[in-house]
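See below for the structure under consideration.
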Amino acid sequence: MSACQTPLIVALDFPTREAALKLADQLDPALCRVKVGKELFTSSASGIVETLCDKGFEVFLDLKFHDIPNTTAMAVKAAAEMGVWMVNVHCSGGLRMMVACREELAKRSGPQPLLIGVTVLTSMEREDLAGIGLDVDPQEQVLRLAALAEKAGMDGLVCSALEAPALKAAHPSLQLVTPGIRPAGSAQDDQRRILTPRQALDAGSDYLVIGRPISQAADPAQALAAVVAEIRG
């Protein structure tokens with residue numbers, strides 16, 4: 001059973017291990033999980049994941065793997081061996097890539113991390129997709145990739161809260177992980193398709209990723225407690 005009692009995932013979006021651990025030391029693993037992304041992982045190597053696990057946190061390794069099937073599957077296997085709770089891959093890598101990852105995790109005798117597919121990045125709008133040759137609305141592309149992810153046996157999807165209602169209706173078994181969450185009154189920064197924590201949960205999101213409103217707060221522990229209070233009503 002998970003030690004974390006909320007759907008919150010705090011993004012440790014820092015350039016150094018020291019800065020990330022300074023924030024982690026102010027957070028309660030019972031109130032949030034943590035996300036390790038590309039910058040932090042690259043600057044501190046795999047040891048950051050083990051250190052966070054030792055502190056009691058469940059870790060979402062957000063590296064968005066996207067490569068040929070075997071290479072991606074081996075990367076997912078390595079992440080599982082670190083003890084991560086969740087790992088993600090780009091759905092646009094295709095069905096065979098996602099199936100290879102699923103099959104590799106199925107070989108494990110120990111705990112398996114949640115395998116999550118990335119659909120359309122929350123910073124992208126229709127004009128951004130058009131720029132890479134996709135003349136579709138973000139919502140339509142999300143639904144296309146979601147169907148592919150379900151066929152591959154993925155555990156869930158990263159998606160914006162605006163796509164969550166349609167995804168829950170079409171794919172109720174998939175767990176939805178939503179970035180771009182901003183408590184009421186927060187700046188939007190570079191995330192375009194956003195909702196508040198309560199709105200996102202009501203829309204069908206299962207896990208909420210929150211970064212700067214907590215990580216850049218004067219008192220991160222207090223900021224986290226405020227978000228917990230908001231979602232608990």
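Cβ coordinates are placed from backbone N, Cα and C, and glycine is handled just like the others.
These features come from Swiss-Prot:
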BINDING   ASP13, LYS35, 62-71, THR122, ARG182, GLN191, 211-212  substrate binding site
ACT_SITE  LYS64  active site, proton donor
Fill in the blank from the handout: CA pair LYS64 (active site, proton donor) / GLY211 (substrate binding site), Å rounded to integer, equals 17
Fill in the blank from the handout: Within 10 A of the CB of PRO69 (substrate binding site), the number of other CB atoms across every chain shown is 18
Completion exercise
Per DSSP (three-state), ASP13 (substrate binding site) is coil
Fill in the blank from the handout: PRO69 (substrate binding site) falls, by three-state DSSP, under helix
Handout entry: Residue among the recorded positions ASP13, LYS64, HIS66, THR122, GLY211 whose Cβ has the most other Cβ atoms within 10 Å
Key = THR122
Problem - Chain-internal residues near LEU63 (substrate binding site), provided their CB is under 8 angstroms and they sit 6+ positions away - result: GLY37, LYS38, PHE41, ALA75, ALA79, VAL87, ASN88
